[in-house]
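Chemist: For reference, the structure I am asking about is given below.
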There are 4 protein chains.
Amino acid sequence: MSINTFGHLFRVTTWGESHGPALGATVDGCPPNVPLSAEALQHWLDKRRPGVNKNTTQRQEADAVRILSGVFNGMTTGTPIQLMIENTDQRSRDYGDIAHTFRPGHADITYHLKYGNRDYRGGGRSSARETAARVAAGGIARAALDHLAPGLEIKGYMVAMGEMTLDRSRFDRDAIDRNDFWLPDATSAPEWEAYLQKLRKNHDSVGAMIEVTARGAPAGLGAPVYGKLDTDLAAAMMSINAVKGVEIGEGMAAAGLTGTANADEIFMGEDGPEFSSNHSGGILGGISTGQEIVVRFAVKPTSSILTPRRSIRTDGTATEVITKGRHDPCVGIRAVPVGEAMMACVLLDHLLLHRGQIGENQGHIGP
Amino acid sequence: MSINTFGHLFRVTTWGESHGPALGATVDGCPPNVPLSAEALQHWLDKRRPGVNKNTTQRQEADAVRILSGVFNGMTTGTPIQLMIENTDQRSRDYGDIAHTFRPGHADITYHLKYGNRDYRGGGRSSARETAARVAAGGIARAALDHLAPGLEIKGYMVAMGEMTLDRSRFDRDAIDRNDFWLPDATSAPEWEAYLQKLRKNHDSVGAMIEVTARGAPAGLGAPVYGKLDTDLAAAMMSINAVKGVEIGEGMAAAGLTGTANADEIFMGEDGPEFSSNHSGGILGGISTGQEIVVRFAVKPTSSILTPRRSIRTDGTATEVITKGRHDPCVGIRAVPVGEAMMACVLLDHLLLHRGQIGENQGHIGP
Amino acid sequence: MSINTFGHLFRVTTWGESHGPALGATVDGCPPNVPLSAEALQHWLDKRRPGVNKNTTQRQEADAVRILSGVFNGMTTGTPIQLMIENTDQRSRDYGDIAHTFRPGHADITYHLKYGNRDYRGGGRSSARETAARVAAGGIARAALDHLAPGLEIKGYMVAMGEMTLDRSRFDRDAIDRNDFWLPDATSAPEWEAYLQKLRKNHDSVGAMIEVTARGAPAGLGAPVYGKLDTDLAAAMMSINAVKGVEIGEGMAAAGLTGTANADEIFMGEDGPEFSSNHSGGILGGISTGQEIVVRFAVKPTSSILTPRRSIRTDGTATEVITKGRHDPCVGIRAVPVGEAMMACVLLDHLLLHRGQIGENQGHIGP
Amino acid sequence: MSINTFGHLFRVTTWGESHGPALGATVDGCPPNVPLSAEALQHWLDKRRPGVNKNTTQRQEADAVRILSGVFNGMTTGTPIQLMIENTDQRSRDYGDIAHTFRPGHADITYHLKYGNRDYRGGGRSSARETAARVAAGGIARAALDHLAPGLEIKGYMVAMGEMTLDRSRFDRDAIDRNDFWLPDATSAPEWEAYLQKLRKNHDSVGAMIEVTARGAPAGLGAPVYGKLDTDLAAAMMSINAVKGVEIGEGMAAAGLTGTANADEIFMGEDGPEFSSNHSGGILGGISTGQEIVVRFAVKPTSSILTPRRSIRTDGTATEVITKGRHDPCVGIRAVPVGEAMMACVLLDHLLLHRGQIGENQGHIGP
């Protein structure tokens, strides 16, 4: 794991700025003989593509991904897979006026201080556009998981956006793909939309909380201590731009629970151990239990807003900043497929790690 | 970064089980010529040592650390530093009856499934005892930071424990070291203690939330994307046993904020940029701003409780588990110095990374 | 360091097959504010480009490199630099007949056994074409070294090719760039050429030995044990396709020396320590002495020859193989700029590592 | 792979100085359920132990290894294994006079320049004593290989020492363990001994060349480019102190061969492909062929000699150095078990890597 790379055996390095010629991902360590095509990856990219609905940025990017290496005759070869997405609708003129101004809440000031050099046309590396590369890489992970863990199903959705929060009593998994908010409650989606459009008209933006789940993940993934599955999932989600918090299972709420309330009691089911509850989020001691894996992360409100905020210029003089351009009023919406992609990458990586060190699970439960 | 190792340049590998002969940390990449002694490390270990007050486990461990390598004539040499803490009060007979039983909420079942082999005397690698090695390693990081970032001050404290939550209007930094809960509000400590002792008498335990802060950290630490300072802090904290959530600055609450509320406006101060607020927790785009760095993490309630919980044995038969032994009613208390240690390790690592890639910060702000 | 990546802080991942759409390198960890252009990289690529003289393959590749990220306004930004070289003259029809046949001396059979899938159009990942990406990455390293170690001069040349060996008494550094063999003895070049052309007409090929040197490298680069500068140089050179041996200073010949003969005695010069000889190749205990760093590596003869060799097909039946196509009779010639590039990458990486851990050299010699 | 660590999945970090309290290895990533005891590791350590015969150093070290973690009830648990060897016969007074003098050929001067601090009692990290930790770690790798690759046999031996070179026509594998030189030609051992003792009496030392082989290694280990099995073997051997050259198969001699001579022709044998020769050293394109893997490395002559050599002190003044103490006249002898250990570690690591990415070999040869 290094600065722009994640993963142990299935390693993803993303590269590229929002307004350079292209961006992409270098994916090393994929198993061979996984059927893979640009079309299959495009399916996932289209889920996060901007310009699709009025609740996301109106930037029109084709986000067409090309596979430059590592696939031959429609199958992975086991060598590095290079994914490239060309930037086609950059309109970098929108950004000329911020070359010497630091937008509050943005990485402008920290990049300037650290590097003394930044691609000020948009967010550079900290742009939400970087996540397109992750989604494409996640598509590769999903294709490999289809072979290695056939029953695995990864699903992300929104659970909160500003004042709106999901009423879990109305949770409807089938609704998720049928509204613009990936909301598991189709009946509430219009209310969320009205709320968001009002914020947008007020030149404001809003944060969001996303939950990503994996059903059918085998028990035994992860490891103690620094290889905890929780650790890698936390790092994966926190590495997404604008994410400021990550939790597993009960998460932060675990601080308020007692040990009797938090214990997931264990029973013997027909196919192995079962649990009375899932406070652990499917992970005990860093290792998956076989239950549903549950991760949540919070995305801060889009920092690019039309409401003026006080700031300074590189020469230290004071100014006010209004961030024009085409920005998501809630960048969290597009973080849903990104979170799914990160879950896919982490699970595949841990499947490979587990197979490498151990082969098959070692412990039997039963007579 | 691998399974039992964290850090890029300042790399810490912990090893050892709670009831084996010893545990410790292998620390590679420390700068040379840092004054270091076992006594200095002991200072930090004593902060997390069990048996010190009645709110933590009564296990009596000397937790005496030995430096086996990498230090010569009281100074680090730049070669690997091996730290060893011998286990002296193991009483492993306490654990004999759980050799074939899975304690709910513990890693017993997942270790069994994954490895088919576990050191069932206590928690093995998932025991809170593993954190002693981190605290010792953190002591090395602090000694190095004293040279490299002289003004840096790392401070952790509890902000919640079950129903108890810190009243921030009474925040008193000086109180932290003067009560058993590392609580920045000495007047409330007796109430917290009464609450905890009542839980303990009820054979229960409770979770906690810890906040760890760093003042005086230089701007420019961190990097975009996967090297985000947020990412490494999240991974560091989440890797601590029993931690289930991590957040930076506003954290999970950012999901509920608007962009106008969340923006930290920027001013020019006498010594450089200043901010009107610190919703970002001192990190923008993954890179430190120079403000206070603020991380919180949640520790789940101790799973070892005297209240019976239903479970199964390795042969699949049903049983009830009461976890005897000497356990913390709130393991979160001892997580405070652990969180501080992880903060120290991550900041030193990023200081070295920054110096490696860039040398000095590059960007000037001002006329 | 992983399968397709080398370097600790300056990390290069190469990707791409010889006959896919493109190949390239993902370069992470480059310092910011290094002047960089595609033209500057092209200069180094042109040195290894095929088709330039009759002693190398007649494949005509433009080998035009594009910089897709990490450079803005002509300067590196400190973020990942993506280099892409499109394959334009692939003629993959030349390779159709070897889809199911294993060429002796090639990786065909091992790729087949391992992956069950290979891009049989040329050598895939094991093609000499992969080294173009290294040369481009090495160009970035050189640009960064120009800033960090201004006096450093990297120079590679051939010292042997089959029966031809360099007469060191006629060593002429200035001659290296003036003949097709990078031979530091211009007067012998015609003899080498006659020898090689005769081999080629006989449908044969030949091996080569290359020496790569670095003058002006600062003392103090490297580290003990696994971070030995020797180790990373050996790995860097051995990772080049067709390389089967690497040595530093006396190298393999050290086995035949006595301790008295091998000792480089030390004197105090005007600017610091000087040595009576350089048996060590500029590296003691894994750390550079400040003397010239000297590495040699052997490249095996090109396995693609027109002389028939016995082999088998994927179905196990016997066959004879004649490798048509356009191949270098001595692939070692083009390995010279590749070796230089690897030296540049390793030295930059160790400069950054050294700066990260230590800052400046710590030890003074003198009154 | 970092400064004091090698391996991808089976990761070994060595620590400790020759005259500190202890040295050892932290071994992470070992498969669980491998039978392991200190006694089994001791067997390998005793092979390289000093003081056993008059051709090696007379330092008397018990070299008793303790297992501090990662093994429970005689089986590995899959968690980090800590190995500790206490230094018992240090006699550091022997070294007091070299605290401020640089011994020619030693790392004294480079450590001083780099770190400004060194454990001058003996070689510190660059002492041959560090290799004891590798041999112990190699013992773990061998135990794991016994399960994963039952037919694998690793064997090292000397092929040259100064003027003495092995006559391969008299190669006798059974002789290796029956003489002090690990020489596969028992009849020549007395001549080697006479040669070495004469050198020692002349206050001199001598270099050596070691060959390490692995029979029965499965085909398919390794990977293209930087994960070439050759690369990791080269790095592993070159990382041993005093090693200055490494070669695979024909090695450096490949520079002198033609393509027709170097081609290992392929036949179909009863159990799969066979080769007419093994110029490749069992590795093609970085991946094992199933043939014997053959690596050679050169160890330079011991730099610690009683013949005076000119040098300088830390204050820059001139001096002469005679290195007293108890030193091997040919440190290469003890490098034989070290080379075997490194081979074991690299092969296990690549077996795990292969299993992780691919599971089983994918390609079939035959009808």
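Count begins at 1; order follows the chain as displayed.
Keep in mind that glycine also has a Cβ here, set from the backbone N, Cα and C atoms.
Automatic prediction, not curation, is the source of TrEMBL annotations.
Pulled these from TrEMBL:
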BINDING   D:ARG48, D:LYS54  NADP(+) binding site
BINDING   D:ARG125, D:SER126, D:SER127, D:ASN241, D:ALA242, D:GLY285, D:LYS300, D:PRO301, D:THR302, D:SER303, D:SER304, D:ARG326  FMN binding site
Chemist: In Å, rounded, how far does the Cα of D:ARG48 (NADP(+) binding site) sit from the Cα of D:SER304 (FMN binding site)?
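Modeler: Their Cα atoms are separated by 19 Å.
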Chemist: What's the number of neighbouring CB atoms sitting within 10 A of the CB on D:SER127 (FMN binding site)?
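Modeler: Around the Cβ of D:SER127 (FMN binding site), 22 other Cβ atoms lie within 10 Å.
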Chemist: Less than 8 Å, Cβ to Cβ, versus chain B; work out which of the binding-site residues D:ARG125, D:LYS300, D:THR302 satisfy that and list them by sequence.
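Modeler: Near chain B - Cβ to Cβ under 8 Å - we find D:ARG125.
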Chemist: Please state whether DSSP places D:ARG48 (NADP(+) binding site) in a helix, a strand or coil.
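Modeler: For D:ARG48 (NADP(+) binding site) - judged by DSSP and reduced to three states - the answer is helix.
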Chemist: If you count the C-beta atoms lying within 10 Å of each candidate's C-beta, which of the binding-site residues D:ARG48, D:ARG125, D:LYS300 ends up with the smallest number?
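Modeler: Relative to the other binding-site residues in D:ARG48, D:ARG125, D:LYS300, D:ARG48 has the fewest Cβ atoms within 10 Å.
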Chemist: Quick one: what's DSSP say for D:ARG125 (FMN binding site), helix, strand or coil?
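Modeler: Assignment for D:ARG125 (FMN binding site) reads helix.
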Chemist: Check each of the binding-site residues D:ARG48, D:ARG125, D:SER127, D:LYS300, D:THR302 and report back the ones whose Cβ is under 8 Å from some Cβ of chain C.
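Modeler: Of D:ARG48, D:ARG125, D:SER127, D:LYS300, D:THR302, the entries that lie near chain C are D:ARG125, D:LYS300, D:THR302.
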Chemist: What residues, ordered by sequence, lie under 8 A Cβ-to-Cβ from D:ALA242 (FMN binding site) and sit at least six positions away in the same chain?
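Modeler: D:ALA242 (FMN binding site) has long-range Cβ partners D:ALA128, D:VAL299, D:LYS300, D:THR302, D:SER303, D:VAL331, D:GLY332, D:ALA335.
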Chemist: Translate the DSSP assignment of D:SER304 (FMN binding site) into the three-state scheme.
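Modeler: In the DSSP reduction, D:SER304 (FMN binding site) maps to coil.
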Chemist: Would you identify the secondary structure of D:ALA242 (FMN binding site) according to DSSP, in three states?
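Modeler: Note: D:ALA242 (FMN binding site) is coil by DSSP, not helix or strand.
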Chemist: CB neighbours of D:SER304 (FMN binding site) within 10 A?
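Modeler: I count 26 other Cβ atoms within 10 Å of it.
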Chemist: Near D:THR302 (FMN binding site), how many other Cβ atoms are within 10 Å of its Cβ?
Modeler: 26
